[in-house]
Every structure is written in C-alpha cells, then in structure tokens.
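Annotated features, as they stand in TrEMBL:
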type     : residues : note
DOMAIN   : 17-89    : domain 'Peptidase M50'
DOMAIN   : 96-153   : domain 'Peptidase M50'
TRANSMEM : 5-26     : transmembrane segment
TRANSMEM : 38-56    : transmembrane segment
TRANSMEM : 68-89    : transmembrane segment
TRANSMEM : 109-132  : transmembrane segment
TRANSMEM : 139-160  : transmembrane segment
Amino acid sequence: MWLVLFLAVITGSFVEIAIIFCLIFIHEMGHIGMALFFRWRISSIMFWPFGGVMNTDEYYTRSYKEEFLVVLAGPMQHIWIHFVLMFMLTNTDIPTHLVEYALTYNTNLLLFNLLPIYPLDGGKILLLLLSYKVPFKQVISLTVILSIAFIMMAMFITYFNEWSTFHTILLACFLLLENRLEWKRRQYIFIRHLMSRYAQSSPPLMKKLTVSPSMTVYSVLEKFYKGKYHHVDVLESNQLLAMVGEQRCLEAFFDQKLPHTEMRQLAETGHT
C-alpha cells in the first residue's frame with residue numbers, strides 16, 4: 001500500500017497509479033469475498049504495484065471446489081470490469097486515454113495472473129490440476145520447478161526480443177524469491193495438509209494404494225493424493241497381508257509418533 005503511494009509521488013502518475021491500484025484492489029476483493037464465503041481465515045492482505053497477495057493458511061487444506069472458486073474469483077473480476085470500461089469509453093465524459101489505459105492494464109493484469117507461475121492464480125490452478133494425477137507431496141515441488149522454468153523462459157524471451165525493462169526484471173526477481181520461499185516451506189505445507197486430512201471428514205473419492213510391508217508410515221503418507229481417501233493394501237510376494245485405512249496411517253503419524261514404523265508392524269497392531 002505504502003509502496004504504491006510512494007510510486008505515485010515519485011513518478012507524478014497519480015491517476016494512472018490510482019487506476020492500477022483500483023484494478024488490483026477489485027481483483028483481491030474477489031479472492032477475499034469468496035474466501036470469506038467459505039469461512040477461510042485470512043491473516044493479511046498485501047498490495048504491490050503488480051498485484052496483491054491474500055495470505056491464508058487455508059490453501060491446500062480445503063476441497064477442490066473451494067480452492068478453485070477462491071482462485072478463480074480474482075481473475076473473474078476482470079471480465080465485468082472490461083464491459084464496464086467499454087461502456088464508459090462511449091457513454092461518459094471521462095478522458096478516452098484514461099479509459100483505454102484502464103482497459104489495457106485490466107487485460108494485462110488478467111493475462112499475467114493466469115500465467116502458470118506460483119504464486120499467481122495460474123500457478124495455483126496448475127497446482128490443483130497436477131494434484132489430480134500426482135501425490136500432493138510431489139505436487140508442491142513440481143509446481144515450484146515448473147514455475148521457475150517458466151520464469152526463466154519468459155526472461156529469455158523478453159531479453160532476446162529487447163522487451164526487458166526494470167519493471168519486468170523486478171517482477172521476475174519477486175516471483176523467483178516467492179518460489180524459493182515456497183520450496184523451503186514445502187515440508188511445512190505437506191504436514192499442514194496431512195493435519196487437515198486428519199481433522200476433517202474423509203473425502204468421497206477413494207483411491208487404493210499398494211505398498212510393500214517394509215515401507216514406512218511416512219513413505220505411505222507421501223503417496224497420498226489431495227481430495228481422495230486412501231485404502232492401503234500391504235502386499236508381500238503378491239499376497240495381501242493387510243488392508244490399512246488412511247486414518248490409521250495418520251493416527252500412527254500424529255498421535256503415536258511412529259513415522260518410521262513399517263507397514264508390516266502397523267498392520268499387526270490391528271485397527272486397520
């Protein structure tokens with residue numbers, strides 16, 4: 001917020017900065033409104049010249065439906081804004097160049113936010129789509145790797161086409177830093193995801209996992225998919241030794257502090 005005001009002062013572009021801030025504010029209000037509708041806890045909101053950030057610990061712990069709707073609620077605002085601006089262009093006395101500036105920035109902000117780069121909305125959509133086919137523990141790392149690859153590719157393209165500006169370099173550095181932080185937080189995110197699974201009711205979708213008796217509880221948890229309840233078949237020499245439910249694995253991890261216990265031993269304790 002203060003950075004936006006500072007830029008307005010030093011550049012003298014008060015009206016243009018105000019337009020940018022209003023578009024970013026409406027975008028973030030879309031996310032916040034949908035998050036509050038689902039009773040998400042929001043810790044803080046930050047505004048930057050190139051976008052805003054709604055900080056919450058609810059991501060990765062809610063259903064696909066909730067997370068998709070919260071993520072999409074931001075970009076969807078730019079659609080009705082576009083039609084309002086088109087109406088203003090021909091039916092109001094507002095200077096044409098200001099409305100055209102707002103139209104251009106509105107479109108650019110929408111397209112930019114849909115890039116498959118974390119923590120942009122497109123990056124969060126990428127994570128959710130990947131989590132349909134990839135275990136959640138791997139999804140976090142894969143999303144960061146793909147995001148960094150896309151940032152580097154974009155920087156390469158802008159450099160060789162001579163499109164690079166101080167703003168684009170600053171933006172790329174910001175996104176790289178965010179992905180570095182997410183990489184360092186991936187274990188914390190994974191554990192928080194497991195905690196939410198343990199506390200919430202089981203998802204309706206079922207998935208069967210086949211593991212060896214020597215596999216540890218933690219290794220099995222690393223194979224869990226977001227939005228699915230897991231039945232774990234413990235097989236040895238193609239023979240079924242036991243069937244262990246997801247809740248039993250989570251109980252062993254959180255309550256009994258047995259992350260390195262083999263599935264053979266867990267099955268022998270009963271309550272599978």
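Cβ atoms are placed via backbone N, Cα and C, with glycine included.
TrEMBL entries are annotated by machine, without manual review.
Summarised by DSSP class, the composition of the domain 'Peptidase M50' (17-89) is 47 helix, 13 strand, 13 coil. Mean pLDDT for the domain 'Peptidase M50' (17-89) in the predicted structure: 91. With DSSP states grouped into helix (H, G, I), strand (E, B) and coil, the domain 'Peptidase M50' (96-153) comes out at 46 helix, 0 strand, 12 coil.
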